[in-house]
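Written below as structure tokens is the structure these notes are about.
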Amino acid sequence: MSSKLIAPSVLAADFANLQRDVEMINNSDADWFHIDIMDGVFVPNISFGMPVLRDIAKHATKTIDVHLMIVDPDRYIKTFADLGSNILTVHYEACTHLHRTLQAIKAEGMKAGVAINPHTNVSLLEDTIKDIDLVCIMSVNPGFGGQSFIENTYKKIKQLKEIIDRNSANTVIEIDGGVTNKNAKQLVEAGADVLVAGSYVFKSEDPIQTIAGLKEMIS
Ligand code: DX5
Ligand code: ZN
């Protein structure tokens, strides 16, 4: 992927002003909406579910990138397609039959993503990499926004890039967690294609400017 992308994480938005925040993303230099779905089982937190995503999708004018932090994601693949997801990412750690899950996601017309926890080695993706449109490397433990970035991520990006190149795959590398202006450039230099940013964008004084700054830094 030649141009590098920014995906603000709606988890850090103001849910009492959700339409305003969705429109802010529409009007910004951001490329995707990153939507975190948590079930309180796979991760120790519950975010929001289908009705909220349905209403976000009603207003969003950009790609909807859904990150499922739930057990048994196969149960909801069709539902998320119907709700308007363009990319559906499941966790490696939550899938017993990952290859089958990836095919099921694509059969619903979505791009298929796989997220890996900080403890999961990228080498485990070698045998499925050609079937994966996006790998989301978690640079924090999933479940919460606002955590600090895990430095080992750079090494994982480089290892994943080697796997992608070795297999002539077209997989996009997304980094999720603790992304700020302090690490964005270095992440892209290491091989990242998409940076998810939650708190750094939404807790800033001027989110539109913050997104523009990030985008400029990585182009
Ligand atoms: C964490 C989520 C992230 C989170 C990122 O479980 O997957 O997408 O919203 O938030 P920040 O950028 O605040 O780390
Ligand atoms: Zn996420």
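Numbers here mean position along the shown chain, with the first residue as 1.
Including glycine, each Cβ sits where the backbone N, Cα and C put it.
Automatic prediction, not curation, is the source of TrEMBL annotations.
Annotated active site, proton acceptor per TrEMBL: Asp36, in sequence order. The number of other CB atoms found within 10 A of the CB of Asp36 (active site, proton acceptor), across every protein chain shown, is 24.
Residues or ranges marked as active site, proton donor by TrEMBL: Asp176. When Cβ atoms from all protein chains are considered, those within 10 Å of Asp176 (active site, proton donor) total 25, not counting its own. Reduced to three states, the DSSP call for Asp176 (active site, proton donor) is strand.
If you look up TrEMBL, you'll see Ser9, His67, Gly143, Phe144, Gly145, Gly146, Asp176, Gly177, Gly178, Gly198, Ser199 marked as substrate binding site. Spatially close to Gly145 (substrate binding site) yet at least six residues away along the chain are Ser9, Leu11, Ala12, Asp36, Gly198, Ser199, judged by Cβ distances under 8 angstroms.
Residues or ranges marked as divalent metal cation binding site by TrEMBL: His34, Asp36, His67, Asp176.
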Which ones in the same chain are close to His67 (divalent metal cation binding site), with CB under 8 Å and 6+ residues apart in sequence? His34, Ile35, Asp36, Ile37, Thr89, Gly113, Ala115, Cys136, Asp176, Val196
According to DSSP, His34 (divalent metal cation binding site) sits in strand
What other residues of this chain sit with their CB within 8 A of the center of the CB atoms of Ser9, His67, Gly143, Phe144, Gly145, Gly146, Asp176, Gly177, Gly178, Gly198, Ser199, the recorded substrate site? Leu11, Ala12, Asp36, Val140, Pro142, Gln147, Val196
Counting other CB atoms within 10 A of each CB, which of the binding-site residues Ser9, Ser199 comes out lowest? Ser199
Reduced DSSP state (H/G/I helix, E/B strand, rest coil) at Gly143 (substrate binding site) is coil
Can you count the other CB atoms that lie within 10 A of the CB of Gly143 (substrate binding site)? 18
